[in-house]
Amino acid sequence: MMENGIWKDALIQSMKKLSPKLQVKNPVMLLVYVGAILATSLYFLGFFGISDEKAGYTLAIALILWFTVLFANFAEAIAEGRGRAQADSLKMARKDVLARKLKNLEDKSDVIEVASNDLKKGDIVYVLANEQIPMDGEVIEGAASVDESAITGESAPVIRESGGDRSAVTGGTTLVSDWLVIRVTAVSGESFLDKMIAMVEGASRKKTPNEIALQILLVTLSIIFLAVSATLLPFTEFASKQAGAGSAISITNVIALLVCLAPTTIGALLSSIGIAGMSRLNQANVLAMSGRAIEAAGDVDVLLLDKTGTITLGNRKASEFLPVDGVTEQELADAAQLSSIADETAEGRSIVVLAKERFDIRGRDFAEMHAEFVPFTATTRMSGIDYQGNTIRKGAADAVRAYVSANGGTYPKECDTIVSKVAGAGGTPLVVVRNNKVLGVIYLKDIVKNGVKERFLDLRKMGIKTIMITGDNPMTAAAIAAEAGVDDFLAEATPEAKLELIREYQREGHLVAMTGDGTNDAPALAQADVAVAMNTGTQAAKEAGNMVDLDSSPTKLIDIVRIGKQLLMTRGALTTFSVANDLAKYFAIIPVLFYGIFPQLEALNLMDLTSPTSAILSAIIYNAVIIIFLIPLSLKGVKYREMPAGKLLSRNMLIYGLGGLIAPFIAIKLIDMLLTVLGIV
């Protein structure tokens, strides 16, 4: 907790937070703050003989109340200090640099140098290797390696290029190679880096709806206890006269009783719990645009997960050559390798490697063959090679069928059987055709990640439904979904289908989370309750999401849900503990405080506390000290366990509810004994 001097800064901030302007933000602790001021005033009145209050006792109460306020300030300051430490490293990346602003896009020598802080949206800048990108933007020309370690912590450079889903760049990152022409999409103060700094510092953190609702409950309880405490002075004065025994309660004891009964424990820690939750998300390299998004993550019960990269490893691998009748496996492998020689994808390279391993088929002299490679396009959905009068194509089954038919050939039914078999096994079939004759099928296998099935099982135990999103055909999607253990799948997914699926679940009352990186994902991201945009994605995707994953890892969504649930669990557990504490303190203080007037209350003095003075001091010391003991838990969070909500609630009620009842009885009695031994009371 005490990393690199954060505690020193927290101590200083704790004192600064004694300002009334800051104390007003926390109504429960404001009550303690006012109580401390009143007790201090009563001490001076008693010291100079103006009041009947015992000066020494009143001073002790006043000091303990001031420490209670300071401990609450310290909890918040520690949480904020962690954020500031994180923000300081980010600020080092935010420097005002000179940018080359292009006057004419066609002439890159026609530039004017302007400060990055003076750039406006729509300005075009030209950035060269080893220069810092001056402001957030969209690459409109060029391709280059970019070092984003200042923001993501990842040392390996990433590729940024115009077009596609890798066109967004972030101000403060550095070009490692080549050059880029960038259209500025943010102004100074509104950049991605500025938002990150504001969020981790807590400067822009607003209270979430759940926080506000809980604070209203705590304030209501405090007002009730305030009203009860205010009536005790006239009530005990009247009761003591009627009983002819005892005496009226002192104002100091009324203040102490009010502070003990008010929900000060959770009131002191509520802010630090929220800040720490945001900090845990930042440590996972995820930037949340609001605390509401983190809370929503904790309530999510439907996860939409991309197949590639999340459920499967992402690189399909050639595992078999399946020829049709009349064609040998080696003949198919030879044609498949020729069609893949110029294919730079992982799938293409795996086909070349498999042919080499199975049949020792080596490279050829393509210059001598007068070979012409045909690249894959979204229109043809095929790639291949033309050489010495021969034509080889490989691609999706329906694309090859259309190609063969268009060229007057015959597509064998046997090939359909092989394609169905491969798809049914969860693989991707690529059909190979040479000179308009179908040779067979390449079996590309999708490899499901290790341990993913167990993770989905844990999510199911928690009541979270998992849905795999894939562009594969329904048969392939069903096979992979069964192997991975997801609850459902959406095959041949389009942006419109994803958007409609989210709306359908939301109409049924579910909270939906999803990830996305492309402009076509933006509508679905905007609709989802928790929308995690990839940092490598487009500007449109980032703006549509309410979180950004700096690591651009699709599996991070599961971790985000875990952090959200941990935040809600921590707040609920400490609220339960605080309320249970108040109940225990009630039994500790009330009987001892009033048995002089009502002797029957002696039977309720379960802890056999020495005296009313000792009881009050013991309870109020415990009330302050317990805040310090709970600060690590509020920052670290309650340990998250994958189990149904009902079991989780029962477990936490047992630990924090029953624990909250027992702990004060033991601690207050021990403090009472210590005060007695030391002769303080």
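Note: Cβ is positioned from N, Cα and C throughout, glycine not excepted.
Feature annotations, reproduced from Swiss-Prot:
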ACT_SITE  ASP306  active site, 4-aspartylphosphate intermediate
BINDING   ASP343, GLU347, PHE376, THR377, ALA378, THR379, THR380, ARG381, MET382, SER383, LYS394  ATP binding site
BINDING   ASP517, ASP521  Mg(2+) binding site
TRANSMEM  30-50  transmembrane segment
TRANSMEM  59-79  transmembrane segment
TRANSMEM  216-236  transmembrane segment
TRANSMEM  255-275  transmembrane segment
TRANSMEM  587-607  transmembrane segment
TRANSMEM  615-635  transmembrane segment
TRANSMEM  661-681  transmembrane segment
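Distribution of Swiss-Prot features across the structure.
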| residue | record | DSSP class |
| --- | --- | --- |
| ASP306 | active site, 4-aspartylphosphate intermediate | strand |
| ASP343 | ATP binding site | coil |
| PHE376 | ATP binding site | coil |
| MET382 | ATP binding site | strand |
| LYS394 | ATP binding site | strand |
| ASP517 | Mg(2+) binding site | coil |
For the transmembrane segment (216-236), find every same-chain residue at least 6 residues outside the stretch whose CB is under 8 Å from a CB in it, and list them. 27-28, 31, 246-249, 251, 254-255, 257-258, 261-263, 266-267, 270, 594, 597
Contact set, same chain, for the transmembrane segment (59-79): CB under 8 Å, 6 or more residues outside the stretch: 1, 6-7, 9-11, 13-15, 17-18, 23, 26, 29, 32-33, 35-36, 39-40, 42-43, 202, 252, 255-256, 259, 264, 267-269, 271-272, 275-276, 279, 616-617, 620-621, 623-624, 627-628, 631, 634-635
For the transmembrane segment (255-275), could you work out the same-chain residues 6 or more beyond its ends whose Cβ comes under 8 Å from its Cβ atoms? 26-29, 31-32, 35, 38-39, 61, 65, 68, 71-72, 75-76, 78-80, 83, 202, 205, 207-208, 211, 214-215, 218, 221-222, 225-226, 228-229, 232, 249, 291, 567, 570-571, 574-575, 577-579, 581-582, 585-586, 589, 593, 616, 619-620, 623, 626-627, 630-631, 634-635
Going by C-alpha distance, which of the binding-site residues ASP343, PHE376, THR380, MET382, ASP517 is nearest to the residue listed as 'active site, 4-aspartylphosphate intermediate'? ASP517
Across every protein chain in view, the count of C-beta atoms other than its own within 10 A of the C-beta of ASP517 (Mg(2+) binding site) is 26
Can you check which residue among the recorded positions ASP306, ASP343, ASP521 has the largest number of Cβ atoms within 10 Å of its own? ASP521
Who are the long-range neighbours of the transmembrane segment (30-50) in its own chain, taking Cβ under 8 Å and residues 6 or more past its ends? 18, 20, 23-24, 58-59, 61-62, 65-66, 68-69, 72, 222, 226, 251-252, 255-256, 258-259, 262, 264
Between THR380 (ATP binding site) and ASP517 (Mg(2+) binding site), how many Å separate their Cα atoms? 25
Using other CB atoms within 10 angstroms as the count, which residue among the binding-site residues MET382, LYS394 scores least? MET382
Which one is it, among the binding-site residues ASP343, PHE376, MET382, LYS394, that lies nearest to ASP517 (Mg(2+) binding site) by Cα separation? PHE376
